[in-house]
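In what follows, a structure is listed as structure tokens, so that the remarks can point back to it.
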Amino acid sequence: MKAAVERACPGVVSCADILTIAAEQSVALSGGPSWTNLLGRRDSRTANRTLANENLPGPNNSLERLKDRFRNVGLNDNFDLVALSGAHTFGRAQCRTFSDRLFNFNSTGNPDPTLNTTLLQQLRQLCPQGGNGSVLTNLDVTTPDVFDNKYFFNLQIHKGLLQSDQELFSTPGADTAAIVNNFGRNQTAFFENFVTSMIRMGNLKPLTGNQGEIRLNCRRVNGNSNIATRSSSSEGDLVSSF
């Protein structure tokens, strides 16, 4: 995709903006909402895997850990957390990301008690103990190829695949459970909050103006090469896409 964009308008469109547009389009084309993206981001001249993963939610995170990670990057720990987790309405996960829930949850020697027993048996067949940890299965066991609110319905019947998913509903006293219930019965509310949270996340400390660079290859920084970029009257700001 980046190569095609570079052929059409070299040195103009950043990888960050391409990713933003691709995320919105993948949601819209799968039955979800669409929204207007702010464009004008630039790409970083550095890459740090450790720093990038520092506050990335993990599949085995507790609810409190999830909340901490969202707060650390400037997102709120209730509506943003639940709405953005709803992106798991499609996608897949490897067995290794949830196998502890099937056999030895929290080192108890037993499965996760919040996991639906029928789903537990199905997952044990797919992901046997000591088996291939890279086997993939759908995050949403109901409508895996559609962007809808069935993810939240799954949590209500204890069919969240990842611990970090089910924690939103099953953690005792969690304020997120009421939001899960709301989104589970009201898809419009989920879509509206998802759009708001996606826009908020997309605007977290973006590089604009003369900051960073426009990468030629999204896999790596440009090194010592100089990329000619076009300026506009809105330089330094994010501008609305069309």
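Cβ coordinates are placed from backbone N, Cα and C, and glycine is handled just like the others.
Because TrEMBL annotations are produced automatically, they should be read as predictions rather than curated entries.
Sequence annotations record features per position, and here TrEMBL assigns substrate binding site to Pro57. Residues or ranges marked as heme b binding site in TrEMBL: His88. Residues annotated as Ca(2+) binding site in TrEMBL: Thr89, Asp140, Thr143, Asp148. For Cys15-Cys218, Cys95-Cys127, the entry in TrEMBL reads disulfide bond. Feature annotation from TrEMBL assigns domain 'Plant heme peroxidase family profile' to 1-222.
TrEMBL feature annotations superimposed on the structure.
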residue : record                 : DSSP (3 states)
Cys15   : disulfide bond         : helix
Pro57   : substrate binding site : coil
His88   : heme b binding site    : helix
Cys95   : disulfide bond         : helix
Cys127  : disulfide bond         : coil
Asp140  : Ca(2+) binding site    : coil
Asp148  : Ca(2+) binding site    : coil
Cys218  : disulfide bond         : coil
Nonlocal residues around Cys95 (disulfide bond), in sequence order (Cβ under 8 Å, 6 or more apart): Leu126, Cys127, Gly131, Asn132, Gly133, Ser134, Val135, Leu136, Thr137
Sparsest-packed among the binding-site residues, when each Cβ's other Cβ atoms within 10 Å are tallied, from Thr89, Thr143: Thr143
Neighbour count (Cβ, 10 Å) for His88 (heme b binding site): 21
Rounded Cα-Cα span from His88 (heme b binding site) to Asp148 (Ca(2+) binding site), Å: 10
Recorded positions: Cys15, Cys127, Asp140, Asp148, Cys218 - member with fewest neighbouring CB atoms within 10 Å: Cys218
Cα-proximity to His88 (heme b binding site), 10 Å cut-off, over recorded positions Cys15, Pro57, Asp140, Thr143, Cys218: Asp140
Cβ neighbour count (within 10 Å, all chains shown) around Pro57 (substrate binding site): 17
